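As written in TrEMBL, here are the features:
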ACT_SITE  E172  active site, proton donor
ACT_SITE  E354  active site, nucleophile
BINDING   Q27, H127, N171, Y298, W401, E408, W409  substrate binding site
Amino acid sequence: MNKYQLPSDSKLLQSDFVFGVATSSYQIEGGVAEGGRTPSIWDTFCKTPNKVDNGDNGDVACDHYHLWQQDIEMIQGLGVDAYRLSIAWPRIMPQDGVVNPEGLAFYEEIIDECHARGMKVYVTLYHWDLPQYLEDKGGWLNRETSYKFAEYARAVSAHFGNKIDVYTTLNEPFVSAFLGYRWGNHAPGIKGEREGFLASHHLMLAHGLAMPILRSNAPHSKHGVVFNASPAYPATSKDQGAADYSEAENYHWFMDPVLKGEYPQLVVERQLVNMPMILEGDLDIISAPVDYVGINYYSRDVMRYNENGDIEKVIQEGAEHTFIGWEVYPQGLTDLLVRLNERYDNIPPIYITENGAACDDHSVVNGQLNDEQRVRYFQSHLNAVDQAIKAGVRVDGYFAWSLMDNFEWAFGYCQRFGMVHVDYQTQQRTLKQSAITYRNTLLARAEENK
Ligand code: IFM
């Protein structure tokens, strides 16, 4: 396929719809001991035996710390409007209370380069790389960490102000809280029901505490937060309750406090013994208005009650899955967006801040890699966004995850989400067919909109 096909009346073809690509600091940068950076919880986790597949770590990753100039040039070559990246907290504040000018300078060069090349920058402050010195004091189980995050947000926004076009406080607080502190399969590897819910409240509090600081230091930028969300479907007509609960815990729990100023009753009732300490005023802080909501969508969940009455996921045998084992279900993206629009009165504009597929595309042959499953994935999910917009949802942008293959957390480097192939031996970048198709789509759109 030469370019992604969209109906001629699609809002996605208009020039004010933002197309971008996304990455995050620990997944691509490397340079973990350079520029004054100190360890994050992911450096520690990767060095703990049996936590990450193949013993992989982010020490070098895509070596973006050194190759960022060529990477930004490559991003511009894709014809995107914006680049979504994240800042590594331990580069900016390598020690408690200390701001590192070298860390700020690293990101400033990237931001300036993007602007010089006509791209906007969407910057996430927290994409999971908590400074280890804060974890040593309890990490997200310690309420104080929320205030440390506000200090960090102050340092970044005082320096960059409106230069960052769009600020994101947190990426996927569900993953930080539940994979990190409840189930233990992400850093810092803590397992405990109460811990998961406590960490989630402190993360949301951190978001809320940062919002007024960001607004005051960057009054012309946009400010918001990014959630991962999978719509849930009942396996049988008896399982609607299981699907409803799954959505409540997986994303209403994180979105409701921001957009409704309360936690969902379904979760509060079922998890009564695990409820965190919520101080008076916390929900007012967390529900400060946001300018947009970011949604990361990959797949759906089909849920049922098992014989013990517990809720469990049902694998859809026979359906198409990606290499990482996630079902390909584009209708879920339309359904999700419509459900969000119905659940939240006056929901702010939505950006799809991540969407993509991990495919088994390890080898480049004669400079080419035909990642046809990813091409189909992007095509069907762009259609799904178009359908949601036609159903009345306001979606203002779409960011492909990811620009290039990178460190996929507990899966290490064996899962490749990139539109660009990375040879980790040589750091050679090669555009896969999905990237070429994205580029052709965006260049054709620009031509049409001239
Ligand atoms: O790679 C991650 C990213 O860091 C956050 N969202 C999901 C992606 C794929 O797992």
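For all residues, glycine too, the Cβ spot is worked out from N, Cα and C.
Overlay of TrEMBL annotations on the structure.
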| residue | record | Cβ within 10 Å |
| --- | --- | --- |
| Q27 | substrate binding site | 24 |
| H127 | substrate binding site | 25 |
| N171 | substrate binding site | 24 |
| E172 | active site, proton donor | 25 |
| Y298 | substrate binding site | 24 |
| E354 | active site, nucleophile | 23 |
| W401 | substrate binding site | 23 |
| E408 | substrate binding site | 20 |
| W409 | substrate binding site | 24 |
Per DSSP, W409 (substrate binding site) is which: helix, strand or coil? helix
Between the Cα atoms of H127 (substrate binding site) and E172 (active site, proton donor), what distance do you get, rounded to the nearest Å? 8
Can you see whether DSSP assigns Q27 (substrate binding site) to helix, strand or coil? helix
Listed substrate-binding residues Q27, H127, N171, Y298, W401, E408, W409 - what's their greatest C-alpha to C-alpha distance in Å? 18
About how far apart, in whole Å, are the alpha carbons (Cα) of W401 (substrate binding site) and E354 (active site, nucleophile)? 5
Please report the distance from the Cα of E354 (active site, nucleophile) to the Cα of W409 (substrate binding site), rounded to the nearest angstrom. 16
Report, in whole Å, the straight Cα-to-Cα distance of E172 (active site, proton donor) from Q27 (substrate binding site). 15
How would DSSP class W401 (substrate binding site) in three states? strand
Rounded to the nearest Å - Cα separation of E408 (substrate binding site) and E172 (active site, proton donor): 15
Given Y298 (substrate binding site) and the residue listed as 'active site, proton donor', what distance in Å do their CA atoms have, once rounded to a whole number? 13
Quick check: with Q27, H127, N171, Y298, W401, E408, W409 left out, which same-chain residues have Cβ atoms within 8 Å of the centroid of the substrate site Cβ atoms? S24, E172, E354, S402, N406, F417
